[in-house]
């Protein structure tokens, strides 16, 4: 009796494409030698079976057939407790499903939420027929790797049989991140060959539940045939995108009910939520739980945030403001009062500095001859003794400088030049400013004949 050859493709470290004959078998199954699986993910076991020629008349495709998976030992009668899955639903220790059509001798099976306890060897059996049998020779070894952690490099293997070593299949990867690959042609103990491709990458939380695909392309004549296998990543990571929200968000009255809610994304899920209030610039724990509800008192106003934690770490949320009506009005009034005080202070400082500069200028006009010209005088028109003041040009507007001077303390007397200007109909009047020195003898009047202050007739001084 010859053993049939079957080619198949799968994720794994090794693949068996040819089954050897090991004496008499009542059922002949075809499945991988070994499958490497990531904890928390699912595993698909490519599987098919055949019935030996001497028993073919006993297998009826029209009669419902059930599939059974047995762990560690093939003898179901001696080890009935080793049955981990029965497609009739009576035994379902492993959450799984036979996706193949058993009436067509396809026993492909998927197991979900794989854990490290799944690491073992498994045998397949058909049941429900007049003919029931187990393949005691062929088994599949499932090796469950530890969890894939965010930021920790991971290597996955994909292999495919190479029936024609001169034209081996080409293996390619499709991943949601950057990666490196290494391919090599391997020869197994039974002298069959396969291509092994190893991909290495560093997962992040963004890759959780994303698919990884390995594709094998076989050259067949002038065309190509492809086969592929998909695997979903199960990445463990600390809480991300932690968000705190408050309802209602608007200012509330004392005695109102306010609800704070925290949300986060994590794998494994968040086990603990903690709420903090910022008091005096330091956080103080105020509650635990996904939500925090409080009846508002006058001391509850302020900033709040939450922390989410799982076995891989914690994540801090944004800060939310709990505002209480009335308090923000008091704050607004205080801020307005402070602003008005600052404005008045600035205006007072400006006026004081201007008067100070003007006072200094008037003091300097009382200095002896030969010193610098006076600074801060009211008018800029000056004439030396015995000279007529210059008349402003007709095509230029009069430039008038205003200052704060108490003219009630000044005496006005007409000079010959002023009398002459009045006879000629000039537009301006002149007043002599008598400046009295402080702590010094009053200078002769003839030394001040050239100092005048021009006053606009229409002026408002």
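Yeah, the Cβs are placed from backbone N, Cα and C, and that goes for glycine too.
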Of the residue ranges 307-329, 330-352, 353-375, the one that TrEMBL records as transmembrane segment: 330-352
Matching range for TrEMBL feature annotation, region 'Disordered', among 277-298, 409-430: 409-430
Local confidence of the prediction over the domain 'Ig-like' (136-232), expressed as mean pLDDT: 85
Secondary structure content of the domain 'Ig-like' (239-323), with strand meaning DSSP E or B: 0 helix, 57 strand, 28 coil
